[in-house]
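What Swiss-Prot annotates here:
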- GLY68, ARG73, ASP89, ASP115, VAL116, ASN134, VAL271, SER272, GLY298, ASP320, ASP346, CYS347, ARG363: S-adenosyl-L-homocysteine binding site (BINDING)
- SER167, SER172, GLY173, ARG177, TYR184, TYR262, TYR394, TYR408, ARG412, TYR414, LYS480: phosphocholine binding site (BINDING)
- GLN253, TYR254, TYR262, TYR394, TYR408, ARG412, GLY413, TYR414, LYS480: N-methylethanolamine phosphate binding site (BINDING)
Amino acid sequence: MDTITVVENVFGEVERKVQKSYWEEHSKDLTVESMMLDSRAKDLDKEERPEVLAILPSYAGKTVLELGAGIGRFTGELAKEAGHVIALDFIDSVIKKNEEINGDIYKNITFMCADVTSPELKIEDNSVDIVFSNWLLMYLNDEEVEKLIGRIVKWLKPGGHIFIRESCFHQSGDSKRKVNPTHYREPRFYTKVFKECHSYDQEGNSFELSLVTSKCIGAYVKSKKNQNQICWLWEKVKCTEDKGFQRFLDNVQYKSTGILRYERVFGEGYVSTGGFETTKEFVDKLDLKAGQKVLDVGCGIGGGDFYMAETYDVHVLGIDLSINMVSFAIERAIGRSCSVEFEVADCTTKEYAENTFDVIYSRDTILHIQDKPALFRNFFKWLKPGGKVLISDYCRSPGTPSEEFAAYIKQRGYDLHDVKTYGKMLEDAGFHDVVAEDRTDQFLRVLERELGETEKNKEAFLADFTQEDYDDIVNGWSAKLKRSSAGEQKWGLFIATK
């Protein structure tokens, strides 16, 4: 055994002893308060338990492996529909309490006292439909997390799912702790580990994890204005060459460095035209009232959402298909104490109940959507009567675009319409009082200002980014100015009422 392996084993053993001691200390009272480490646990549990369960795919008749099951907050709920639940925890008194609570009611639960990091834990490959873990990985060191995820992927059947929920950045519960060995990581650590995990079956087929969704737990945002409770749902899929639109956004158009350089141009918190200036102008048109609920489609890194929540005391749900965008948004939310939650979601497949939102807001995002009429029908359904939609978006002039502009549209994967047609699509979806304004003159002024500021501050830009980044911005803005000045590229503002 080499020196590195010996050191890793020693650190691993110390980590397990520390974590076991911590949870033995906090498991003396086998209550929901001690498990959640919060004096308001009963109220939080009432809010968050249905929210968490609603994120899961159907588990009716399925095999569910619950890691870190505790005293069974979720065990009984899972057992109501699952074919078989394997509930596992590494504290003996805790799993016995779980069995005492749920064992007589549900005969489809197997209770196990085991440490998820132990090589002695044997779960058959391709035997589990869903792995469910609520507050577990934060009690493992980085190496243990990586090894466990690798094992979980093997345990899962193809098409199976992993749900994890972790406290990130800092603690949430108010329980006093003599020591706290919890690893409060940035969410991007978990995202990276899951995205980089691969496994192979006996036939040599390669499998990876595809993100279904990632979001803040809304119950904590509402009750504590705390965005650090993050969950992820992943699906085990066969590796393919075509990684889909989400991978395109995160690896091509909205890479982390690309997002940061966009923010440098648009202003802190913003990745859409005009930054704070246009956000304030447009949001002020909505006549927002305290307590209203806003859906931001294509929320980016959250600047507009923070502005709405902090200025008007509304609750904002920001969704974006880009994992990178949402990761930045969540990081920027920490410490702001505002009622904003974020979720990685595809607006074309996401479903909300009818009459959920007072306002739906979207800035320079719907240009990516090919079937706008279907999306606008959903917007109409999701809005409350009297609710408003506000959209700014790239548009084009009527008629056939030039070869150069057509190539740009194709390369970006955009679906662009003229301003009048765009407004008509909103009318056809059922909206009234549709305002469809050509804001291209404003677009040109903003582009000129942003380009001028970038060129003026070239030295500062190059201190943080590369020459290639600088050239991409300058060339991109110059090209937009050229297309818009020629009358080909347009910018529209649309406001409509249900």
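Every residue number used here counts from 1 along the chain in the order it is shown.
Glycine residues also receive a Cβ, built from the backbone N, Cα and C atoms like all the rest.
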Could you round the CA separation between GLY68 (S-adenosyl-L-homocysteine binding site) and TYR394 (phosphocholine binding site) to a whole angstrom and send it over?
-> 48
Counting distance between Cα atoms, which of the binding-site residues VAL116, ARG363, TYR408, GLY413 is nearest SER167 (phosphocholine binding site)?
-> VAL116
Can you tell which of the binding-site residues ASP89, VAL116, GLY173, TYR184, TYR394 lies nearest to TYR262 (N-methylethanolamine phosphate binding site) in space, using Cα positions?
-> TYR394
Could you say whether, by DSSP, ARG363 (S-adenosyl-L-homocysteine binding site) belongs to a helix, a strand or a coil region?
-> strand
Measure from the Cα of ARG363 (S-adenosyl-L-homocysteine binding site) to the Cα of every one of the binding-site residues GLY173, TYR408, ARG412, then give the nearest.
-> ARG412
Measure from the Cα of GLY413 (N-methylethanolamine phosphate binding site) to the Cα of every one of the binding-site residues VAL271, GLY298, ASP346, TYR394, then give the nearest.
-> TYR394
Lowest 10 Å Cβ neighbour count of the binding-site residues ASP89, ASP346 is held by ASP346
Quick note, TYR408 (N-methylethanolamine phosphate binding site): same-chain residues at least 6 apart with CB under 8 Å of its CB -> ALA479, ARG483
For GLY173 (phosphocholine binding site), which of the binding-site residues ASP89, VAL116, ASP346 has the nearest Cα in space?
-> ASP89
Looking only at C-alpha atoms, tell me how far ASP346 (S-adenosyl-L-homocysteine binding site) is from ARG412 (phosphocholine binding site), rounded to the nearest Å.
-> 18
List only the single closest residue to TYR394 (phosphocholine binding site), chosen from the binding-site residues ASP89, VAL116, GLY298 by CA-CA distance.
-> GLY298
Cα nearest GLY298 (S-adenosyl-L-homocysteine binding site) among binding-site residues (TYR184, ARG412, LYS480) -> ARG412
How would DSSP class GLY413 (N-methylethanolamine phosphate binding site) in three states?
-> coil
TYR262 (N-methylethanolamine phosphate binding site) has how many other Cβ neighbours within 10 Å of its own Cβ?
-> 19
Cα-to-Cα gap, ASP89 (S-adenosyl-L-homocysteine binding site) vs ARG412 (phosphocholine binding site), nearest whole Å = 48
